[in-house]
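Here the structure comes first, spelled out in structure tokens, and everything after it is commentary.
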Amino acid sequence: MLPLIIFVLLCGFYTSWNIGANDVANAVGPSVGSGVLTLRQAVVIAAIFEFFGALLLGDRVAGTIESSIVSVTNPMIASGDYMYGMTAALLATGVWLQLASFFGWPVSTTHSIVGAVIGFGLVLGKGTIIYWNSVGIILISWILSPFMGGCVAYLIFSFIRRHIFYKNDPVLAMVRVAPFLAALVIMTLGTVMISGGVILKVSSTPWAVSGVLVCGLLSYIITFYYVHTKHCSYISDTPKKGSLTYRLKERGGNYGRKYLVVERIFAYLQIIVACFMAFAHGSNDVANAIAPVAGVLRQAYPASYTSYTLIRLMAFGGIGLVIGLAIWGWRVIETVGCKITELTPSRGFSVGMGSALTIALASILGLPISTTHVVVGAVLGIGLARGIRAINLNIIKDIVLSWFITLPAGALLSILFFFALRALFH
């Protein structure tokens, strides 16, 4: 038993590492592509907020993947076979992610793990131990998530263009709107944090809601003060190399001075959104690596398994994700940030806000949606607002194709690893 437990923990760390190396690009890639963050800054921000997102909210999605796809108590499935199956699903996910990262394929982590769990469920019970209703709900969420992300991003960007960029004085319009946008981001994040999680131990009490409102008010006041300072509207003709203004001029040299002021304000808002996006992504996707580990430990040590065991596992997975991000994450971050479509801070803000709202809502509801689906949907929403020619359709085709390949690939690898593990440890 102990060798299997050690092996599944190693597989959990390995898969978390690959999630960090591959999937975190969805959180901070737009910020790098728009020039708001350097690659190093993006990695640091993502590492911090991904870890705390996994620790504070990841337990909800972990519960969905662990026990809501296959029947743990079904008499057709032996305890040992369930542990072999979950370990096989975990290993299949890690191997497929690493293979995809090697070839630069933008695959879905959630597709892989859910497909892998379904794969060993088909082998053990010929489909009878799988909760097909739960699988159907998950599939519906995968279909809805890109539309939700796209619609929200489209509405946000359309609002920005109509009420800021199309005005006679876009700087004055931005000064009026920016405090409300900042308050929206902060209040949304606060709402997510009080809505769930094992560690926070807070609920939607009047005090908690009041705290969120106070944070939103403070963000409004701080932003209001900033946009009325001289520093906000000052644009140096020779900005310091490496500074935010320098990067924005380098990425979009045809900006007029007024539009550069507006985009720089959006740049600061996009940093807030990037933090929110990383937090939401960590709360949703680390569960893909930890849920099978939790399932094995629950079967092996039912008496000693508690909610705090899951907390420690989420922290363990968060560490693996951070290490994978730091070592190999730069590859996919550059791909997502620079190759799908041309991004500016205002567009990146719209993409990030639409994606973050969708992913955070899914985590609260316990739906293991695909972050890739949400981000691609948000980018498509921005593209539709600007015109279809603004989108790199070849990249979109590759992403959509990967959605169809990943789920069966996860299932097939899981089946192969299941028989190998049962032969090795049985």
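Even glycines carry a Cβ here, placed using N, Cα and C.
Listed features, source Swiss-Prot:
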type	residues	note
TRANSMEM	1-21	transmembrane segment
TRANSMEM	42-62	transmembrane segment
TRANSMEM	87-107	transmembrane segment
TRANSMEM	112-132	transmembrane segment
TRANSMEM	137-157	transmembrane segment
TRANSMEM	180-200	transmembrane segment
TRANSMEM	207-227	transmembrane segment
TRANSMEM	260-280	transmembrane segment
TRANSMEM	313-333	transmembrane segment
TRANSMEM	364-384	transmembrane segment
TRANSMEM	399-419	transmembrane segment
Query raised in the report: Sequence-remote contacts (6 or more beyond its ends) of the transmembrane segment (112-132), Cβ cut-off under 8 Å?
Result: 65, 68-71, 74, 76-77, 81-82, 84-86, 88-90, 92-93, 96-97, 138, 288-289, 291-292, 368, 406-415, 418-419
Query - the transmembrane segment (313-333) touching the transmembrane segment (1-21) per 3+ Cβ pairs under 8 Å rule - result: yes
Query raised in the report: Which residues of the same chain, at least 6 past either end of the transmembrane segment (87-107), have a Cβ under 8 Å from a Cβ in it?
Result: 4, 7-8, 11-12, 14-15, 17-19, 21-23, 113, 116-117, 119-120, 288-289, 292-293, 296, 328, 331-332, 335-336, 372, 395, 398-399, 402-403, 405-406, 409-410, 413-418, 420-421
